[in-house]
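Annotated features in TrEMBL:
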SIGNAL    1-24  signal peptide
DOMAIN    36-356  domain 'Glycoside hydrolase 35 catalytic'
ACT_SITE  Glu184  active site, proton donor
ACT_SITE  Glu264  active site, nucleophile
DOMAIN    404-515  domain 'Beta-galactosidase 1-like first all-beta'
Amino acid sequence: MAAVALKLFLTFFAFLFALHFSESRSFVIDYENDCFLKDGEPFRYISGSFDYFRVPRFYWKDRLMKMKAGGLNTVQTYIAWNIHEAVHGQYNFDGDADVVSFIELANSLGFLVIVRAGPFICSEWEFGGFPPWLLKNTSIILRSMDNPMYTRYVESWMSVILPKLKPLLYVNGGPIISIQVENEYGSFFACDHDYMVFLEQLFRSHLGDDIILFTVDGAWETYLKCGTIPSLYATVDFGTTTDPEAAFAVMRKFSPKGPLVNTEFYPGWLDLWGVAHQTRPASTVAKILDKILSMNASVNLLMYEGGTTFGFMNGAAYNNSDGTLIPSITSYDFDAPLTEAGDTTTKFRILQETIAKHEKAPVIPVPANTTKFAYGKVRMTRQSTLLDVLAKLAPDGPVNAPVPLTMEQIGQNYGFILYRTQIPQYFYASGSAVLDVSGVVRDRAIIYVGNVRQATTIRHAGDTTVPLIIGHFLQLDILVENMGRRNKGMADPKGILGNITLNGTQLINWQMYPINLDNLFSDAFAFAPNSDEHKGGLYDMDNDFLHLFSMENSL
């Protein structure tokens, strides 16, 4: 009986302790004094962006410790919906996708955490974080209340992710001090305030009222008019070319009281395919950061650690003037204080000194940079062409339809898809013909007739015609590469989106092969060496590390 009484007493004591602990923790906005209050005391966060999905889990602690040594007290991360629900209704929170463990690790190292939960995130990430299966229904309208199907998908996803975050809120003993709703919505054409109200209510239904929900938009009045609503705290973003006083003056029109916040201060910039690597001088970054901190503003450096956009997860920019797509590259180095490999830089040290002028931070040793090693030349042995092993790359065979279907309609999210049809018999040995793919190929197409490569075309808004030589072989193959969906939140289906004609004749009865490159690592690819001296194809590599001094897209 005494043991039972003792157990009940200890349980009751633990409950009271937890209740007191919870009640003593708070993170709120002090509107009278224009600041945050952490446990009742004025607080200003100095944060850095570090997206868990761009750095292997093994290195999370190394990067976080370097951020701590840099003087930061907070970490900011996006949550990428398409990482966690690549297949509708199937959720992945393991390995590099274990966002809860990432937040808990940050907490254990003394960081506060800001979460940018989407559903749209941009981030130069494939489709702005949206899963491609949203596009299986071609009538869907994204980021708007105009389509109940979209909002149902959002409700379903948020019912999974937000309950995982709730125990990690600061008031509940975790490190999360604020959560962003949507992302730069004012830059989106819809300007649907009802949608923002829907999201705010959805977030509150799962998280409660004891968490700061906020928005961010570029520091232009037109953006903030569409990007926020009164019940969400409006913040701004700007880089080194904007005067902080001018930017915060715009913010004050929508958040007249409360702390000044730059949610995205850019110490570098993103890189696009074919464009020179973007940099920002460390001295300029430090000068503007010093001014921001002198105004007692809270700030987040995006990015502090950029990392890598692995696999097919790069987003893309779109040129409205000519309809061309400009993919983001795999590297997300961003000229950040920490390099893509997590190494400290001169910029890291200069910003560390700048932050130290304004905030006292624990002096901790900076972890050493990882050791680099050059493996020398890589010998590559040609094995096969893609067309030779199509049956192994698409083991389930083709999807058949009278007209081309998009990648999303046949369940192919990323990578490549092969479209095959037979050229009408009356073209046999006819010599030349003109293939018209105007406006329907997304994004890059390699065109074969009778297994002979004849042309390559890339997405363009204008007329796109391709001359072909038609001999004795009438099999037409069009290998389409998805180069990355636009990360600005527009619907961007991939593959072939409409009819294709040859000399004005519509080509019908298509076979579509969804190519699964994961199959390259299966036992099916146990080739004998092939000595043919052809350019392109599949290769075996002797070493497991490749430094790409020079490599072309070769399929």
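Positions of Cβ are set from backbone N, Cα and C atoms, glycine also.
If you take the C-beta of Glu184 (active site, proton donor) and look for same-chain residues 6 or more apart in sequence within under 8 angstroms, you find Cys122, Val216, Asp217, Gly218, Tyr223, Gly227, Asp237.
A strand conformation is recorded for Glu264 (active site, nucleophile) in the three-state DSSP classification. DSSP labels the residues of the domain 'Beta-galactosidase 1-like first all-beta' (404-515) in these numbers: 6 helix, 55 strand, 51 coil. Across all of the domain 'Glycoside hydrolase 35 catalytic' (36-356), the predicted model scores a mean pLDDT of 98. Around the Cβ of Glu264 (active site, nucleophile), 22 further Cβ atoms fall within 10 Å across all displayed protein chains.
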